[in-house]
Amino acid sequence: MIPADCRVLTAKDLFVAQAAMTGESLPVEKFAHPGDGLAGLLEQHNLLFMCTNVVSGTATAIVLATGTRTYIRTLAQRSTATDRAPTAFQAGVNSVSWLLIRFALVMVPFVLLINGWTKGDWTEAFLFALSVAVGLTPEMLPMIVTSTLAKGAVLLSRRKVIVKRLDAIQNFGAMEVLCTDKTGTLTQDKIALERHTDVFDRADQPARPRGAGARGAAELAAAVAGLPQGGRNPVRLRAPPHVGGGVRARGSSRADLQGRSGGDAGGMQHRARERPGQAAG
């Protein structure tokens, strides 16, 4: 375990696992010379970071930062920062709240003056204006907002989406496409075929069992090997037999192959007998 951020001075076959920083499962080789100047800190070949592990090799390095000044500490502070930008939902709620406050500030003095001027009792007019201000204040707005967001979180949880911040639910609802990325520490580096379709987006036929193609290829090779030297290959396959859609493979059977091969051999021998006679004549 590397205890601090360091710069490599000398290295010999040094490989460092940076899964805690980058998520890459494979170790990265480090060198004494710096990498590309335009690359990020994690891509520099001569820098070692705290909380990474040395897999193999030896090196000599100088300490650059320790404790709270390390790079991983900076990443932790960024991930736990509370000064986040307000969401669209928060901006909408704040806009409605300020609108009601402005409306109350305009209506309360107007109601106070009209009621006090007409009735002459300013105390009663003040109490009435105060009740109007309280009535314009949305006391139930926080509870309504929270209950609505909680219902949305329950609906998202049924679709296997866990929302940690309720005020971000509206942003999720406004999305059309959500792209996520899994790092190498969460994948198995294996590809599994779930289903396959043809060019018309129809479910294709299941794949042939293992060994069927090998047996067919062996029989075809044996038939072709039985042909005489220089003979014509009578096998004419139009399409592979596993192609769907009513297309069938056309070719010659094994008996037909043997018959044709014998006929071709006899014809070649007959022509060979005729040529010497013609030359002598």
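Each residue, glycine too, has its Cβ placed from N, Cα and C.
Curation does not apply to TrEMBL; its annotations are automatic.
What you see is a predicted model, and the numbers here were worked out from it, not measured in a lab.
Annotation comment: TrEMBL describes 2-77 as domain 'P-type ATPase A'.
Taken from TrEMBL, the feature region 'Disordered' covers 229-281.
Among the features that TrEMBL reports, transmembrane segment is placed at 47-72 (among others).
Positions annotated as transmembrane segment by TrEMBL: 93-114 (among others). Same-chain residues lying 6 or more positions outside the transmembrane segment (93-114) and placing a CB less than 8 Å from one of its CB atoms are 86, 125-126, 128-130, 132-133, 136-138, 141, 145.
Away from its own ends, the transmembrane segment (126-150) comes close to residues 89, 93, 96-97, 100, 103-104, 107-109, 111-112, 115-116, 166-167, 169 of its chain (Cβ-Cβ under 8 Å, at least six residues beyond either end). What TrEMBL records for 126-150 (among others) is transmembrane segment.
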Requested in this report: For the domain 'P-type ATPase A' (2-77), would you mind checking the mean pLDDT of the predicted model?
Outcome: 88
